[in-house]
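These come from Swiss-Prot:
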type   : residues : note
REGION : 7-87     : region 'Ubiquitin-like (UBL) domain'
REGION : 91-123   : region 'Disordered'
REPEAT : 105-148  : repeat 'WD 1'
REPEAT : 150-191  : repeat 'WD 2'
REPEAT : 203-242  : repeat 'WD 3'
REGION : 243-264  : region 'Disordered'
REPEAT : 272-310  : repeat 'WD 4'
REPEAT : 312-352  : repeat 'WD 5'
REPEAT : 360-400  : repeat 'WD 6'
REPEAT : 403-444  : repeat 'WD 7'
Amino acid sequence: MAEETQVLVKFVTKLPAHLRVPETPVAVPSDLKRYGLSQIINHLLALDPPRPFDFLIDGELVRKSLEQHLLAHNLSAESTLEVEYVPAVVPPQQKNSTPHDDWVSSVDGSRCAPASSSGGSPSGVVVSGSYDGLLRLWNGDLEAVASVSAHAGGVNCVRFLPKSQGDLLLTSGKDRLVKMWQLSSSEEEDAGPSCRLVATYRGHEDGVEAVAASPSGRRFASCGWDGKLLVWEGGEQLRWAAGTAEASKKKRKTGTANGSAAAGAGGADLRGHLHCVSSVAWPAENSLFSGGWDHSVRRWDVSSGAAADTYNGSKAVLCIASHAASPALVAFGCSDRALRLWDTRGKAGSDALAVTTQGAHGGWVTAVAWCPSSQHHIASASHDGTIKMWDIRTQIPLGMLSHHTDKVLALGWLGGAEAGHARGLVSGGADCQLRMYESDYIVS
């Protein structure tokens, strides 16, 4: 019988002190994979119940045995491996779903804290937009709170501004408009929040596909089928201006919601895309990303209005996402079913050096969302009806959700960066369903 090969391993972590094991090297079987290593950490920490852990060697997630990792990286079995352990991300389970009258085109769950992180009962609000033109508000159990006719022809995008700007929400639609809304609490004890139109932004000549606020929330960008990428002034100061106008009786004409509305002030027109600009992300105050049907992803210097970097691919870019902690990195989904990552610190435009293919779906990748509390985790959604969770340090998905019965069109995380955690997802699609997923172990 062959003698069992062992490897010296030193376990390290950035977790709090009560989750740290001694860094003294220990000998472990070389055929151990993630599960076996997780058992060792749980044993050393005497955790009850046990917790799942993931492991990294030189920044790469371990998905093979230690022996296979040594061979793949041409490392000696005599050397001591430094292995970092982190909490494993466990795919969530569907908690609730609720029907819409039409396709669900966009969702935002950043103002909703799931039950697992709020003492047993969900709190906050989830917003959704759909092809019937309605903006809907839901509580943490996906019970209807309010709805308002927001856009003629359908809502394309719904996005909260950062909390520093108060309870302000942006929507865009097929009617060429962008609108800003104020969420306010009802005076009735059992009633939920309501929506009031604050401002209407006109400047696009075709449907507005997406909006994204700057980190401060004082500006936002919009993009659409007219090939335009526009930067606007917005935020709390505009809400205040609208309120002042109402108080002084100098009202502008409003649309379909009650209350007075200001006319949004336009800013820069960032020119460069040759076709529909499908998506926009704004990770740093002076730097934003856009993606379009001209197969390109562009990083813009907002101050100069010029494209700082451009990646030219071979297929239409349908969605993009970024993270404030890694503003040089952008994830984007394409019509060739691939999810890609572009590190703009690499050689711009070089597929070999700057862009990596994270993974693939069975259909167009229509939505991607970066976890607000982790720069390593993203989720993607596709026309194949699935949602996949990824750690960008490996090309193997962490898990897949397949509850939708038709194309998934919208995706977001529950809880924002301000909450310091994200323990769930919310999604919508062509099956006219809004779905919520929760887990005890996602990212915190």
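Yeah, the Cβs are placed from backbone N, Cα and C, and that goes for glycine too.
Looking only at the repeat 'WD 7' (403-444), the predicted model's pLDDT averages out at 86. Within the same chain, residues 209-216, 219-229, 231, 316-324, 326-327, 330, 332, 342, 344, 348-349 sit at least 6 positions outside the repeat 'WD 4' (272-310) and bring their C-beta atoms closer than 8 Å to a C-beta of that stretch. Look at the repeat 'WD 5' (312-352): DSSP puts its residues at 0 helix, 23 strand, 18 coil.
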